[in-house]
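Residues or ranges marked as compositional bias 'Polar residues' in TrEMBL: 1-10. Per TrEMBL, the feature region 'Disordered' maps to 1-20. Per TrEMBL, the feature transmembrane segment maps to 37-56, 90-114, 135-156, 185-202, 223-246.
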Ligand code: HEM
């Protein structure tokens, strides 16, 4: 969450200097560098799993444009996936468990990598673009915090209905529509800010993940940047279309 995973690890950064001094190429990466690489791979893989969920969820939300019934049918279907192989609702719980593991793995890896980078960098970013590097890291950190707070609110709002203005036991479509009514503008605003935070986080995270997974050429970097931007914009527009459709009366 908080770290630019495309950043070389502190030990890896220090490696060339050591090599020059010793005039002897190191044959094996040091243990710290290896474990930092493993953490970056963990961040990239868990991040990609979360992107898969985000896209599937966004596409599911678009069902609201086919009518309340279609949306509620979809919400019900989520609870019947893999039946009769699995009992009702089990697939959803397995998916929830996988999501929690992915989120925790992503945050733990980010926290350890950020701490390591800070410890090994008493003088900040001597060789790196100062403003860009720290800006990206800050955005990722605070973006990540906003997203976690949003998800907690979102679950209490639309999954349990605890904070939702619709009466208890309402259908999912009624809860979504109740959320984004004009008089509840602050809820819509919070959703908009959070979704934009998701988009920014995703853009930088996707680009970093591609680097971590081995992409190094200038052309590849340009393509990765463009693809990350496109995927993030599509996701943000897809999610935002729902509150704006309710606000403008397109969906009611
Ligand atoms: C306007 C945008 C969004 C809408 C309208 C929306 C709608 C919903 C609804 C209706 C549910 C309840 C589904 C059910 O229980 O049947 C839900 C669950 C959920 N949403 Fe969203 N969502 C939006 C954005 C997001 C975003 C941006 C994230 C992640 C950052 C997210 C993460 C989740 C999660 C984790 C669940 C719980 C899934 C489960 O365990 O059942 N949602 N959402």
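Placed from the backbone N, Cα and C atoms, the Cβ positions cover glycine too.
Nobody curates TrEMBL annotations by hand; they come from automatic prediction.
Listed as Cβ neighbours of the transmembrane segment (185-202) (distance under 8 Å, sequence separation of 6 or more from its ends, same chain) are residues 1, 51, 54, 139-140, 143-144, 146-147, 150, 153, 157, 179, 228, 231-233, 235-236, 239-240, 243, 247. Among residues of the same chain six or more beyond the transmembrane segment (223-246), those with a C-beta under 8 A of the stretch's C-beta atoms are 51, 54-55, 58-59, 61-62, 64-65, 176-177, 179-181, 188, 191-192, 195-196, 198-200, 202-204, 206-207, 210-211, 215, 252.
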